[in-house]
Each structure stands twice: as C-alpha cells, then as structure tokens.
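Structure record follows, encoded as structure tokens.
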C-alpha cells in the first residue's frame, strides 16, 4: 500500500512539474469525467433547489492532484460539457440554481491547487488542512453559489431574501462539506506525506 501511495504522489509531482501538455490535458479530461460522475451522486432536498452531491469533493481532489491551472482546466471542461447540454450537472441545466456553484468550482480548484503546489499539505497538520479545505469550500463555492442562487431566484420571478439564500444555498450543505473536507484531508494528507 505504501508503494502505491508513493507512486501516486510521485506521479502527482511529475504531473505538476514535468508532464507534457498532452498528459496534463488527458488527466484534466479524466478529472472532468470524475466530476461529472460525482455530480450525479445526489440527494434532492424539498426545501432547496440545490441538491447535495459529491461535486465539491471531486473539485477539491482535482485541484489538489492537478495543481491550480490544470485543476481549473478540468472544471472548465466540465462546464463546457454542461454548457453544450451534456447531462453532467447535479441540477437540471447549466443555467439554473446551481450555476454559481459551478463557477465557484473552477475558482476553488485553482486556489486550492495553488495552495497544494506550495507544499502546504506536507507541512500542515490535519486540523489546519481540514480547516483550509472547509474554508475554501465555503468562501469560494458557497459565496459564488449564493450569488448564482439569488440571480436564479430573481429570474424565476420570486427573488429570495438574503436569509432565504443562506438557508437554501449554504446551511444545508455545511455538515456534508465539513465531512468531505475531513476525508480529503485524511486521504490527500496521507498520500502527500509519503
């Protein structure tokens, strides 16, 4: 198991530093597919138009594995697939209640990837890594998501108040996002320290 983890980490470092553009693009496409599959694992809640899904987990994993630029490229490929109508989004369509979250995915993958490229996971404790992941998810994905949710609500003719946006667009997801941050911290921290 340790050998497999070391090989993964060596491959990740090679990818960020030395891989060809073709290799980086191929892995970006692979992570776009992983994100599309993760977004299909969803739970709809009756009180919010935004479903719970594993998209944030895949986005953070892409950024941490591919680095900032290529993590963003993987999300951009996912967004392009959604924009042309492929059924990759957890919601119903690219332009809908989840649009802001999807835009936040790209920003989060880039920022988290840049943070990982600096070697912060190797140096930081599990608690700090979990906290940073959780803050990235909340600060980036949820703020973009809440803005998008508000714009969507206005476009439907019944605008949400700020309280409604927070209650429908962030509060239901805090527990799950904290669990995802802990799992990512454990798995990526374990892998990257080898």
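Cβ from N, Cα, C; glycine included.
Keep in mind that this is a model prediction, so the values were computed, not measured.
Under the heading transmembrane segment, TrEMBL lists 25-45, 57-81, 93-112, 132-153, 173-192.
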Intrachain residues whose Cβ lies under 8 Å of the transmembrane segment (25-45), provided they are six or more past its termini: 15, 19, 51-55, 57-59, 61-62, 65-66, 70-71, 73-75, 77-78, 81, 86, 88-90, 105, 172
Intrachain residues whose Cβ lies under 8 Å of the transmembrane segment (132-153), provided they are six or more past its termini: 49-50, 56, 59-60, 96-105, 107-108, 111-112, 115, 120, 124, 159-160, 164-166, 168-170, 173-174, 177-178, 180-181, 184-185
